[in-house]
Amino acid sequence: MNGGDVAVAGSDDLKSPLLPVVRHEEEPFQRQTVGQQLRTIFTPKNCYIALGPLLCAVVCLCVRLGGDDTTTAKNMLGVLAWMFAWWLTEAVPMPITSMTPLFLFPLFGISSADVVADSYMDDVISLVLGSFILALAVEHYNIHRRLALNITLVFCVEPLNAPLLLLGICATTAFVSMWMHNVAAAVMMMPVATGILQRLPSSSSSSEVVPPAVGKFCRAVVLGVIYSAPIGGMSTLTGTGVNLILVGMWKSYFPEADPISFSQWFFFGFPLALCLFVVLWGILCVLYCPRGAGKALSPYLHKSHLKRELEMLGPMNFAEKMVLTVFGGLVVLWMTRNITDDIPGWGVIFDGRAGDGTVSVMMATLLFIIPSKIKKGEKLMDWGKCKKLPWNIVLLLGAGFAIADGVRTSGLAEVLSKGLVFLETAPYWAIAPTVCLIAASITEFTSNNATTTLLVPLLIEIAKTMGIHPLLLMVPGAIGAQFAFLLPTGTPSNVVGFTTGHIEIKDMIKTGFPLKIAGTIFLSILMPTLGAYVFASKGGV
């Protein structure tokens, strides 16, 4: 550097590297053969990645749709094939697939970039964001654990009644899942449930003879948690992304109709969830709570154990009370925004400009303003605590809304409806259960949200062809997509329970199959009766 006086790395050659080169003489470089290179390139993952654009090209070049100008509709169908191939195979992460409409729709002439981007942020998305922030606050302050222990303590009577204790655990999970995403509810409640089960002897870790009733009760508790979570989530809009996708698509396809409010969905969803919950509890009691189970469990489960855990949490502090107050206020505002046609809620003050998302974000904002009184200057929530926000669900919801708009504006919906003329004479009592079972079957192999995004636009066109109100098919299809009860891969909630080691696939099938059939029957009965009454203002259901 100074006239070449400084030696570089111990060498006079200025071109030598600044860092020493480590040579592995014992491992000489081996040139890959052509076969090895091909095996590196043509991996299953790479083949799945190529499958998406390949299917899109085949559809765009080879598929013939009826009509004069169906280029845009054909392109939309090709994009759908591309997206669902990636969703089903998980060739790329699901959130990335969910963002593909942002570039595929403009490139294929389906809609402009601004229009597509609008689908990723509307009132439904803001409803999700606000409710998730509140759920994170509940989790951060351990309120869910306190709630679970208190309710379980109520049901842990003396002498011990195994079905009643199981009811308490399942009911707590369902209640928590009503106000947050069902996967989050399952993740939060499973440690509470397994904490109770840890007091029970295990055949692998205990030298004593373990009564069969103990092992059965363990399976019942885990199955109860993973199934109570989606059942509870069905009863409210915020309980699962499927309900939000349905509401968003209704708003997208029928902008002139009244939107589905939180309270309206609750009046239909809660009775349905209650019926399913009773069936679930009955199945678990019959299969896994034999006579004398309480007597076998009583030496290991006692009220004193639960009380001790509750005492370890200590009394509720100011922060916990304020989070509960904000959460309760949000629920009240959701339920009273739009009550009935005769009794208008507070939403009438704002001429319908305020939605459920408005309230959700407003109440979540309060958490960043109210002090926690734990540390000086600290608020109930800060942005650092929001790092666990499930953006994958937000993006998937946005993709669902974008697809719904694309199917409608591209003309694909009209083309599909022409191919469904044969359904005009089919009776509703035969179509509704079929729709529900199809959705319930597909959802075992793909995500609930992806199944809903695929089926709901088709169900809208089928309903138009049959001459019935779209909600009569949209609701059974969307709720049926939540009946992922048979396989561990059906939903993340199932994975949470399966990884505990307490259950096997045969346990899920024994419990999930009758639960799936019961759900189909309840939906087929409640939708044309209670659903017709609750959604009567939605264009004459």
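Even glycines carry a Cβ here, placed using N, Cα and C.
According to TrEMBL, the protein has these features:
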- 48-67: transmembrane segment (TRANSMEM)
- 79-104: transmembrane segment (TRANSMEM)
- 124-141: transmembrane segment (TRANSMEM)
- 153-176: transmembrane segment (TRANSMEM)
- 221-245: transmembrane segment (TRANSMEM)
- 265-289: transmembrane segment (TRANSMEM)
- 389-407: transmembrane segment (TRANSMEM)
- 427-446: transmembrane segment (TRANSMEM)
- 467-487: transmembrane segment (TRANSMEM)
- 517-536: transmembrane segment (TRANSMEM)
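Most Cβ pairs under 8 Å to the transmembrane segment (427-446), among the stretches 79-104, 221-245, 265-289, belong to 79-104. Tallying C-beta pairs under 8 angstroms between the transmembrane segment (517-536) and each of 153-176, 265-289, 389-407 places 265-289 first. In summary, the transmembrane segment (389-407) does not lie against the transmembrane segment (48-67): fewer than three C-beta pairs, each 6 or more positions apart in sequence, are under 8 Å.
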